[in-house]
Amino acid sequence: MKREILLERIDKLKQLMPWYVLEYYQSKLAVPYSFTTLYEYLKEYDRFFSWVLESGISNADKISDIPLSVLENMSKKDMESFILYLRERPLLNANTTKQGVSQTTINRTLSALSSLYKYLTEEVENDQGEPYFYRNVMKKVSTKKKKETLAARAENIKQKLFLGDETAGFLTYIDQEHPQQLSNRALSSFNKNKERDLAIIALLLASGVRLSEAVNLDLRDLNLKMMVIDVTRKGGKRDSVNVAAFAKPYLENYLAIRNQRYKTEKTDTALFLTLYRGVPNRIDASSVEKMVAKYSEDFKVRVTPHKLRHTLATRLYDATKSQVLVSHQLGHASTQVTDLYTHIVNDEQKNALDSL
């Protein structure tokens, strides 16, 4: 989604929200949470507060008038009723054969509400330096996670990774083979952003950074000589991330054409740009998602930018057998998250079975 459109949609949702949600928004913007994350959270709050009005929990005339006391006095039974409402409401699910939204969607909704409740009961301060209230009903609400072993998840993900020679093969395909399949009109469009697209995908494959971290990079964040980028991690923490050498020529090619191709001014600090009505803008996450999906589907299998992050992590673990190194590369505080990659590259169990 274009940044301008995203901000417009955020503003429309903010106009609907109660004052305490607007305070929450400002607080998280200062962390900083990304606009995309905050937009998704505001959509969840709109859904929740609409239900609060429909169910009669509040007799307010509109969402913005719902008092803080409604959240303070929300019972566990009320919140469970909301969850049942999500499960049973077919209009929320594009698949009409199902009766409600998926568990993943419900978990996302509850995560957004948990964040709001934590802010109201722990983080915010009133005039006396105390939170607005103390009772956090979300701590009493349990969520159901998808039941799947690490081995099963690893096997599923492995089919969508570009491991071994496929990493270089994917980049070569975009650079040399993909253009041969295009019509003259499509080729002209492809050539306008070829260097940029290759640079973005090479960077994702060579660093393992999150999509949001990549699109928010500024020119000053890239040290091409040292092959290091400075990113803003989740929670607003700054981090320096090493980039594999194979990405360097792609980044150099893009930088060589960036200013002229995208008509930049000194004020255009974003590393990766797109032209909108002749004006350079920072490329947005949805554009990168569509780009990765298009190229990857033509090459092998349709994947998301996050699978490119998994690809780098798996290759790095395969080369080093160090979960600590992989966790540092990905910006994780714990090695627990990297357990997945040990299962993806673990051939010992299969070899043992084959020898029986």
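Backbone N, Cα and C define each Cβ position, glycine as well.
What Swiss-Prot records for this protein:
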type     : residues : note
ACT_SITE : Arg210   : active site
ACT_SITE : Lys234   : active site
ACT_SITE : His306   : active site
ACT_SITE : Arg309   : active site
ACT_SITE : His332   : active site
ACT_SITE : Tyr341   : active site, O-(3'-phospho-DNA)-tyrosine intermediate
DOMAIN   : 16-121   : domain 'Core-binding (CB)'
DOMAIN   : 169-354  : domain 'Tyr recombinase'
Quiz prompt | Alpha-carbon distance [Arg210 (active site); His332 (active site)] in Å | solution = 12
Quiz prompt | Cα-nearest neighbour of Lys234 (active site) within the listed active-site residues, Arg210, His306, Arg309, Tyr341 | solution = Arg210
Quiz item: Can you count the other CB atoms that lie within 10 A of the CB of Arg210 (active site)?
Solution: 21
Quiz prompt | Which same-chain residues, if any, lie at least 6 apart from His306 (active site) yet have Cβ under 8 Å of it | solution = Arg210, Leu211
Exercise. Determine the minimum-neighbour residue: among Lys234, Arg309, His332, listed as active-site residues, which Cβ has the fewest other Cβ atoms within 10 angstroms?
Key: Lys234
Self-check item: All-chain count of other Cβ atoms within 10 Å of Tyr341 (active site, O-(3'-phospho-DNA)-tyrosine intermediate)
Solution: 25
Self-check item: Alpha-carbon distance [Arg309 (active site); Tyr341 (active site, O-(3'-phospho-DNA)-tyrosine intermediate)] in Å
Solution: 11
Quiz item: Which residue counts does DSSP give the domain 'Core-binding (CB)' (16-121) for helix, strand and coil?
Solution: 74 helix, 0 strand, 32 coil
Quiz prompt | His306 (active site) - helix vs strand vs coil (DSSP) | solution = helix
